[in-house]
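For reference, the structure discussed in these notes is given below.
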Amino acid sequence: MKFLTQKTDALSRASGCSVVFALDNALLTTALALDDALGGVLSQVIKSGDLKAKPGQSCWIPVPAASGVKAARVLLVHLGETSEKKSKIASGSVISALQSAAAALSASPAKDTTVFIDDLFADGAPTIEHFGEPADASWVAEQMAKLFVTASYRYTETFSKPEPAPALGKVTYASDDATRTRAVKSALLKGAAIGEGMNLTRQLGNLPGNICTPAYLVEQAKQLAAACPKLTTKSLNEKQIEKLGMGAFHSVAKGSDLDAQLIIMEYKGAGGAKSQPHVLVGKGITFDTGGISLKPGANMDEMKFDMGGAASVFGAMKALIEMDAKVHVIGVIAAAENMPSGRASKPGDIVTSMSGQTIEILNTDAEGRLVLCDTLTYVERFKPKSVVDIATLTGACVIALGNHATGLYSNEQALADKLLAAGVGANDRAWQMPLWDDYQKQLDSNFADMANIGGPAGGSVTAACFLSRFTKSYPWAHLDIAGTAWQSGAKKGSTGRPVSLLVNYLLNA
């Protein structure tokens, strides 16, 4: 999808659609101009109550040929109501309105559209408040591009008669202010790149486990590298993983007939030969049965999403490539299946991790931390500035935080603060959880250095405590995305989170 900026007006702009906005019970500037040209039909929609003052409510307005309006159609979208004596509008209302516009246009025959959201920055307009801070036109443009790109995503891979792709291919951000027009250009590029990264993450997550295997992820890494000279990739197979002494990782992989893979992608958009990279580590369990500690059958199909951490690393890399980001990032994926078999690990088995620490496997369904702990040891060789692991790690995090916030743990507060700020800026928030020594005792084992579970109390915290024992040599953060990586129910599918958070962090790290 192509994004442009242009100084234009809704009357003379020829496009498939003009998107204009209402706020409170009034039309914004461009909508008012169109209302005059179209005989008051927009204001009538407001007065009649057909378009309610709720964020995201929208209405198609017919454009008669004799009106002089060059757009083929008009979409009127409501931004909701202002607050504090009409001086502020919540950023969430703006997001809802843009989301609604993107969804409507992706389902329409319009091939291009012009969006007049810049009316929110006219003199006397209310301030857009984003978690206590004012949001500028660049932030709005970034969110707009991201939302339009993600609205265009369709999962078609395994349908015999796939749904056709949306017609929309070009979106123009209209503004009559030259300074703002220049400012939003890079924001549109960033938002579109993040949207493309999120769509890759969604696609990988949505694929079934019989297609998206560890070997398939290796091929995806090769495809990214083939398209970008700044990205190199390599992978280690299961024998090489075992030879490195990654006993925890191998204990998970050995139950499957499919070879595990450790995938390394290095994007070098900045820095010399000795520059320290930021490292992303993704949990890539392409299907999780629970192993010998078998999961219940209900909803087990959703365990194809257990590689959401790996998918988000791919998505972040894709976004960095798309925007030609000036950063040095290494993404490492621990890819395996967790399957029951005669070779699979059993509850009570004890393995030696790459770090030399021994682990009693009390539950084979706590496998994510086993593949991650060895990968976190492996990445020490890169002498990283920071390491962020991303994993659909615990159901306990879903109980604690639901499906809105990603759980964040860190051994360095400065790193945690950067990630929290990145999440707020990207509208992809995380919430910091405790990583206190008090919880470490729950991992005690009578037979090994530690157990791989710490009991039901504070399960997300003890999982993070387990990982923290393998991250002593660098600043580290853990993102538990079990509640945010996918949706269940009628809208079942990968969300593309936390790609926005990760990219925002890496660009400002």
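Even glycines carry a Cβ here, placed using N, Cα and C.
For reference, Swiss-Prot has these:
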BINDING   LYS283, ASP288, ASP306, GLU367  Mn(2+) 2 binding site
BINDING   ASP288, ASP365, GLU367  Mn(2+) 1 binding site
ACT_SITE  LYS295  active site
ACT_SITE  ARG369  active site
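Where Swiss-Prot records a feature, it is marked here on the structure.
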{"residue": "LYS283", "record": "Mn(2+) 2 binding site", "DSSP class": "strand"}
{"residue": "ASP288", "record": "Mn(2+) 2 binding site", "DSSP class": "strand"}
{"residue": "LYS295", "record": "active site", "DSSP class": "coil"}
{"residue": "ASP306", "record": "Mn(2+) 2 binding site", "DSSP class": "helix"}
{"residue": "ASP365", "record": "Mn(2+) 1 binding site", "DSSP class": "coil"}
Ask   = Once near-sequence residues are set aside, which residues in the chain of ASP365 (Mn(2+) 1 binding site), 6 or more away, have Cβ atoms under 8 Å from its Cβ?
value = ASP288, GLY290, GLY291, SER293, LEU294, LYS295, ASN338
Ask   = Which residue, of the recorded positions LYS283, LYS295, ARG369, has its CB surrounded by the fewest other CB atoms within 10 A?
value = LYS295
Ask   = Around ASP306 (Mn(2+) 2 binding site), how many other CB atoms lie within 10 A of its CB?
value = 27
Key: Candidates ASP288, GLU367: member of the binding-site residues with the richest Cβ shell (10 Å)   = GLU367
Task = Give me the Cα-Cα distance between ARG369 (active site) and LYS283 (Mn(2+) 2 binding site), rounded to a whole Å.
result = 8
Ask   = When you average the Cβ positions of ASP288, ASP365, GLU367 for the Mn(2+) 1 site, which other residues in that chain have a Cβ within 8 Å of that mean position?
value = VAL252, ILE285, THR289, GLY290, GLY291, SER293, LYS295, MET303, ASP306, ASN338, THR364, ALA366, GLY368
